[in-house]
Amino acid sequence: MDFAIRSDNPEKYRGDCIVVGVFESRKLTEAARVLDEAGKGHLGRIVDQGDMDGRANTTLLLHGISGIDSKRVLLIGLGKEEEFGEKVFLDVVRTTFKALQPTGAKDVGLYLTELTVKGRDVAWNVLQTVILAEESAYRFDRLKSKPEGRQPSLAKVDIGITDTSTAAAVETALQQGLAIAHGMKVTKDLGNLAPNICTPSYLAGQAEEMARTFNLKFSVLEEKDMEELGMGALLAVARGSHQPAKLIVLEYHGGKDSEKPVALVGKGVTFDAGGISLKPAAEMDEMKYDMGGAASVFGTLTAVAELKLPINVIGVIPTTENLPGGNATKPGDVVTSLSGQTIEILNTDAEGRLILCDALAYTERYDPEVVVDIATLTGACVVALGHVVSGVMGNDEPLVQELLQAGEQTYDRAWHLPLFDEYQEQLKSNFADTANIGSRWGGAITAACFLSRFTKKFRWAHLDIAGTAWKSGKEKGATGRPVPLLTQFLISRANKH
């Protein structure tokens with residue numbers, strides 16, 4: 001999909017459809033008022049007659065209005081003007097693109113982004129509009145013999161911005177929105193693939209291809225390399241599967257050679273049956289999404305590379321399956337991690353932290369400025385926070401705040417959970433340095449406490465995306481989160497330099 005910024009008045013737009021808004025008081029927006037004048041009061045009469053009362057997310061499609069060059073006019077209800085905030089704006093934009101899909105319109109003039117959204121500016125409106133436009137066109141039907149349903153026809157979106165003083169900020173927002181949307185698509189495509197296709201070896205192949213596309217440095221550790229290094233925790237998870245584990249590293253060098261990199265470490269369990277601690281059968285198919293952290297690293301690096309950010313970023317992806325089998329790790333087994341710490345594996349379904357602890361220890365050799373791990377780590381985080389926000393914890397408060405702010409900026413929000421020393425008590429083992437699980441209480445926190453034991457040598461934060469990486473039910477599929485948060489985090493860091 002192509003995007004462009006238009007600075008002329010809406011009545012001059014000649015495309016297939018033009019979109020303007022109406023508030024619940026039956027008040028036309030400024031763009032709608034200008035169109036109404038060109039159409040000799042036609043829009044005003046429609047509104048006065050009650051065909052469009054302005055209730056949020058109601059739509060009315062009009063055709064062939066005399067005096068208006070566009071073939072169609074889509075009126076979209078904005079709700080009460082005094083309540084027009086972030087969520088309402090985002091819902092309205094989603095509704096707009098959904099309403100456009102069956103029209104056959106190929107190019108659209110959108111005059112919603114100059115509306116006043118509480119606490120936001122026009123650039124934010126544009127960035128979100130671009131992301132939502134691309135999201136509305138997303139389809140994942142590559143595994144079907146025949147694509148179902150009508151394919152999206154919309155090819156171009158012209159975003160109306162009459163205030164030319166915002167032109168530079170708006171153009172930047174447009175490019176950032178496109179890069180984020182492209183990164184989210186990469187993340188969703190990887191997540192939505194069937195687990196018999198998206199294996200650790202497949203991810204390694206995709207990483208190598210991505211490295212060629214964006215001139216990244218690619219390397220991969222095979223199981224024999226991990227054995228030589230002493231990655232006993234990662235290998236313990238892989239033992240039940242015939243698919244070999246991998247540890248993938250992608251390096252983006254956009255900053256100075258002297259600048260330390262930001263490291264993103266993404267959990268890549270391409271299918272998690274739980275191992276010997278077998279999961280219930282219900283919804284086990286969704287455990288293909290347990291590589292959402294890894295997928296988000298792919299997506300974020302895509303966005304960073306497209307934007308050519310002046311920053312150094314390293315993506316570290318430990319990837320394996322977690323399956324039962326005759327050679328699988330058993331509850332009670334004790335393994336030695338890369339850090340030298342021994343771990344009593346009380347539950348083989350607490351596997352994400354096992355592969356991450358070795359990946360985090362491995363990341364030390366890159367002397368990172370900061371490290372952020374991203375993982376669909378715990379059901380406990382979903383219980384605590386639902387599917388609205390991700391959980392964030394860490395050993396460095398400024399870093400945690402950077403991530404929280406990036407989430408607020410992009411509306412890909414996170415919530416700060418505590419990491420108090422008292423929680424560490426739950427991880428005591430009678431037979432090893434640490435156990436891989438605690439009690440049933442505070443599970444998202446104790447999982448992060450476990451990881452914190454392998455992050456003593458760098459500034460670190462942990463994003464638990466178990467509730468935000470995918471949707472269940474009728475709209476089942478990967479969400480592309482937290483690519484917006486991570487990309488904004490890196491944009492902000494690059495801007496500081």
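Cβ from N, Cα, C; glycine included.
Just so it is clear, the model here is predicted, and its values are computed rather than measured.
The active site annotation in Swiss-Prot covers Lys279 (among others). If you draw a 10 Å sphere around the CB of Lys279 (active site), it holds 14 other CB atoms from the protein chains shown.
According to Swiss-Prot, the feature active site maps to Arg353 (among others), an assignment based on sequence analysis. Over all protein chains present, the Cβ of Arg353 (active site) has 27 other Cβ atoms lying within 10 Å. DSSP gives Arg353 (active site) a helix state.
Long-range Cβ neighbours of Asp290 (Mn(2+) 2 binding site) (same chain, at least 6 residues apart, Cβ-Cβ under 8 Å): Lys267, Val269, Thr270, Phe271, Asp272, Asn322, Gly352, Thr376. Annotated Mn(2+) 2 binding site per Swiss-Prot: Lys267, Asp272, Asp290, Glu351, in sequence order, evidence recorded as sequence analysis.
Look at Swiss-Prot and you will find Asp272, Asp349, Glu351 tagged as Mn(2+) 1 binding site, backed by sequence analysis. For Asp349 (Mn(2+) 1 binding site), the same-chain residues 6+ apart in sequence whose C-beta sits under 8 angstroms from its C-beta are Asp272, Gly274, Gly275, Ser277, Leu278, Lys279, Asn322.
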Q.
Taking DSSP as the reference, which of helix, strand or coil describes Asp272 (Mn(2+) 2 binding site)?
A. strand
Q.
Say we define neighbours as other CB atoms within 10 Å of the CB. Which of the binding-site residues Asp272, Glu351 has the fewest?
A. Asp272
